[in-house]
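Please read the structure below before turning to the comments.
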Amino acid sequence: FVAETAAALCLSGAYRAAGDRMWQWLTLLFALLPCALVQLSLVFIHRDVSRDRPLVLLLHLLQLGPLVRCVEVFYIYFRAGRVEEPYVSITKKRQMPKDGYSEEIEKEVGQAEGKLCTHRSAFSRASVIQAFLGSAPQLTLQLYICVLQQEITAARSIFMVLSLLSIVYGALRCNILAIKIKYDDYDVSVKPAAYLCIFMWRSFEIATRVTVLVLFSSVLQIWTLPVVLVNFFGFFFYPWILFWQSKSPFPENIEKALSRVGTTIVLCLLTFLYAGINMFCWSAVQVKLNDPDLINKSQNWYRLTVYYMLRFIENAFLLLMWYIYKTDIYLYVCAPLLVLQLLIGYCMAVLFMLVFYQFCHPCKKLFSSSISEGLLSCFKFLCFICKPPRSTVLMDKAEVKSENTDEARSSSKTIDSQKGNPHQSVSSNA
């Protein structure tokens, strides 16, 4: 957070010195907007508004909330265990099933540990907001500037590397959050191989997606806005459409202190973040507004398959448009090789995703069906849709069969009549 904000401020100052006012203000906008949303999320999760903490609120207004939270976390951590806590809470978690059996474990959670868990949860959500509402647009903007100016400076390259790492880390946290929310009753431990698979999966997916968007926008600036708006508003309104179709009552149990207007604003911000994530990569957390936890906890392989198929088709189409309308700035670029590399990169992302869900997912024993079985059923369903209806095929076969039987009957009648009246047959032959 600190490194990316400092790099954004330095780079905006460089743009101002060079006279590029538009790039300066866009860089500042993509740096300060997620920073403000991070402060808002930290205040909301820790409920600072309802507490008497004016200094903390002032520091959040000065955009110093994450630093204050870090100091508070270290203070709680180093003081933990020195003073006996007045009370502890007991949590019950189930272990992963072994040989078909799952044991339940009780664990005492002290007051300090509970506060640390709250801070960790808040920072995880803040990192997701920082990644997809700040770092992702920032990386796209800086790469677009590099393409237009045909120059990659040291400051810009460092800033792009920081932004890419921030996005990948935010996507990784999003995956871990989804696992812990869906399997909240179990004691989940993520192994290093799972972290590695997620890191490679998200790196390939986000890098190829950003590059495709930049290439397309560099040659067809007019059509960039419609593509972005259709993607964003499609994912933004999708949870609301499902909510209206379910005819469920408006959710009231998000926060007791919130009014109906406040609840609506929180839900809009949640779907806004959901749309921002899906613009660049698959969001492991699926928003479900008619659920008390606002999260769809079922594992839907169909939605995952449809997303990656449509996204691959969209990337291929955008690359085709770039290849057709590319300008002279790509004169020394081997366009077919670049297109092939980007498509292979996206396929590599899908491959690492399949490896993660098939072999490295910490809760794969709880799946009702594996990823391979789910994809196989998806492909069977798609093939069934593409095939003509069986009823029409049977009707065609029945019509052909009836025509053949009618011809056979008519021919048999002719033969029988000829056998019954030989003189007639001779005369007819004559």
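A Cβ is built for glycine as well, from the same backbone N, Cα and C atoms used for every other residue.
Just so you know, TrEMBL annotations are computer predictions that nobody has curated.
Feature annotation from TrEMBL assigns compositional bias 'Basic and acidic residues' to 399-410.
According to TrEMBL, the feature compositional bias 'Polar residues' maps to 411-430.
Sequence annotations record features per position, and here TrEMBL assigns region 'Disordered' to 399-430.
Here the transmembrane segment (22-45) has Cβ contacts under 8 Å with residues 1, 4-5, 8-9, 11-13, 15-16, 57, 60-61, 63, 65-66, 69, 118, 121-122, 125-126, 129-130, 133-135, 137-138, 141-142, 145, 255, 266, 269 of the same chain, all six or more residues outside its ends. For 22-45 (among others), the entry in TrEMBL reads transmembrane segment.
According to TrEMBL, the transmembrane segment annotation covers 154-172 (among others). Panel annotation: around the transmembrane segment (154-172), residues 3-4, 7-8, 10-11, 14, 127-132, 134-136, 138-139, 142-143, 145-146, 195, 198-199, 202-203, 205-207, 277, 280-281 of the same chain, lying at least six beyond its termini, place a Cβ under 8 Å from a Cβ of the stretch.
Among the features that TrEMBL reports, transmembrane segment is placed at 222-243 (among others).
Annotation comment: TrEMBL describes 264-285 (among others) as transmembrane segment.
What TrEMBL records for 305-325 (among others) is transmembrane segment.
Under the heading transmembrane segment, TrEMBL lists 337-359 (among others).
Counting same-chain residues at least six beyond the ends of the transmembrane segment (264-285), those with a Cβ under 8 angstroms from any Cβ of the stretch are 37, 44, 128-129, 132-133, 136, 167, 171, 174-175, 177-179, 181, 202, 205-206, 209-210, 228, 231-237, 239-240, 251, 254-255, 258, 294-295, 304, 307-308, 311, 353.
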